[in-house]
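J.: Attaching a single structure in structure tokens format; questions to follow.
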Ligand code: HGY
Ligand code: MN
Ligand code: MN
Ligand code: MN
């Protein structure tokens with residue numbers, strides 16, 4: 001790890017950084033019944049556009065050049081002394097969960113921006129360009145799957161496959177994306193990642209941990225070693241809607257009753273005494289959704305995660321059969337909507353993160369990520385890693401999600417040093 005450039009760490013401005021974070025948190029802010037301030041900033045929404053415009057204004061003032069690719073991934077570029085070299089990439093996502101917190105995703109983008117600004121203010125020269133990226137639709141809340149921007153950038157999926165996916169209002173992804181790109185027609189358009197251009201030199205993502213480990217172990221910095229695998233399924237149980245008072249049980253095709261049987265059977269499939277496996281059913285829709293009509297349709301989502309790919313594949317591949325076997329009177333359609341294999345960050349970036357934390361005298365520990373991130377899809381195309389900072393009680397995807405100005409500044413100082421290190425390799 002090269003010595004810390006003089007005053008680089010000091011150039012990270014904690015007050016300015018927190019101010020920027022709070023300005024972003026205004027966009028989609030709401031107060032929940034307990035008084036916590038949350039954020040609801042869906043991807044490709046007006047709020048998302050406002051957040052991007054706010055960032056673009058700051059970036060222009062800081063002397064960074066902006067560009068956008070056809071998936072809406074937004075890039076802010078700090079030129080290197082050799083602009084022909086592959087850039088070091090940093091960033092995260094600006095979209096939030098519907099009942100989200102103020103830090104998930106957006107901090108990684110603002111941390112990248114503050115780190116680059118500090119490098120420029122400290123006069124640190126970098127051979128390689130550095131680009132700060134805001135990936136499109138990481139959460140997958142408005143449109144499933146998640147990580148659309150980073151998946152398309154890394155060549156995992158032809159973006160056209162998602163155009164027809166609609167949100168709850170029936171707006172197709174392709175239409176929402178076109179509207180966003182039209183609103184940013186003043187920005188230069190750039191090629192789509194490795195699909196149409198060269199790979200970046202490395203990728204580093206800063207993110208709140210979204211778990212309790214760092215706080216419990218009183219660590220300032222998480223040196224992330226990898227990310228567990230995730231699979232998403234949408235299950236439609238199709239029965240027949242009928243009168244709740246007149247239809248005998250033997251004649252019913254009750255979609256809710258069969259959904260409950262299917263979920264019970266899945267709980268058995270996913271039972272894990274070691275408590276490593278994560279199986280979640282959290283979104284349920286019923287039609288016609290009235291108390292006195294037997295449900296004709298029940299739709300539920302499955303979010304299934306595991307760090308071991310063999311388990312992720314075996315248990316995930318068994319889901320459809322277990323559901324079909326559990327049904328009494330209905331039929332089922334099971335569609336996989338997201339599949340991210342476990343990612344191992346290897347040595348290059350984690351070692352650089354650890355060296356930077358050490359050289360700044362910060363308490364640090366290595367840990368895997370339970371949450372998925374855009375970084376998962378960069379692993380096959382370049383050295384990749386993440387920097388975690390603690391969040392209060394490990395809570396995330398909830399308005400009470402919180403990180404302190406000091407914690408964020410410490411993470412950004414490590415990021416700045418890692419970027420300076422990698423961009424001079
Ligand atoms: O769901 C996740 O793991 C991420 O926070 N979107
Ligand atoms: Mn609350
Ligand atoms: Mn996130
Ligand atoms: Mn999230």
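Residue 1 is the first one shown; counting continues down the chain.
Cβ coordinates are placed from backbone N, Cα and C, and glycine is handled just like the others.
Unlike curated records, TrEMBL annotations are generated automatically.
Relevant sequence annotations retrieved from TrEMBL are reproduced here:
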- 93, 104, 207: Zn(2+) 1 binding site (BINDING)
- 104, 139, 397: Zn(2+) 2 binding site (BINDING)
- 226-327: domain 'Peptidase M20 dimerisation' (DOMAIN)
J.: How big is the gap, in Å, between the Cα of residue 397 (Zn(2+) 2 binding site) and that of residue 207 (Zn(2+) 1 binding site), rounded to a whole number?
T.: 13
J.: Among 104, 139, 397, the binding-site residues in the record, which have a C-beta under 6 A from ligand 3?
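T.: Result: 104.
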J.: Where among the binding-site residues 93, 207, 397 do you find the Cβ with the fewest other Cβ atoms within 10 Å?
T.: 397
J.: Quick one: of 104, 139, which of the binding-site residues has the smallest count of other CB atoms within 10 A?
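T.: Ranked by other Cβ atoms within 10 Å, the binding-site residues 104, 139 bottom out at 139.
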J.: So if I take the binding-site residues (93, 104, 139, 207) and measure from each Cβ to the nearest atom of ligand 4, which come out below 6 Å?
T.: 104, 139
J.: Relative to the mean position of the Cβ atoms of 93, 104, 207, the recorded Zn(2+) 1 site, which additional same-chain residues have Cβ within 8 Å?
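T.: Close Cβ neighbours, site residues excluded: 92, 103, 105, 106, 107, 108, 138, 208, 373.
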J.: Can you list which of the binding-site residues 93, 139, 207 have their Cβ under 6 Å from some atom of ligand 1?
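T.: So the answer is 139.
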J.: Check the DSSP secondary structure of residue 207 (Zn(2+) 1 binding site), expressed as helix, strand or coil.
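T.: Residue 207 (Zn(2+) 1 binding site) sits in a strand per DSSP.
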J.: To the nearest Å, how far is the Cα of residue 139 (Zn(2+) 2 binding site) from the Cα of residue 93 (Zn(2+) 1 binding site)?
T.: 8
J.: Could you please provide the mean pLDDT value for the domain 'Peptidase M20 dimerisation' (226-327)?
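T.: Looking only at the domain 'Peptidase M20 dimerisation' (226-327), pLDDT averages out to 98.
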J.: So how many of the residues in the domain 'Peptidase M20 dimerisation' (226-327) end up helix, strand or coil by DSSP?
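T.: Split by secondary structure, the domain 'Peptidase M20 dimerisation' (226-327) comes out as 36 helix, 35 strand, 31 coil.
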J.: Quick one: which residues besides 104, 139, 397 have a Cβ within 8 Å of the Zn(2+) 2 site's Cβ centroid, in sequence order?
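T.: Filtered neighbour residues, in order: 96, 97, 100, 101, 105, 141, 210, 396.
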J.: Need the DSSP three-state call for residue 397 (Zn(2+) 2 binding site) to compare against my parser.
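T.: It is coil.
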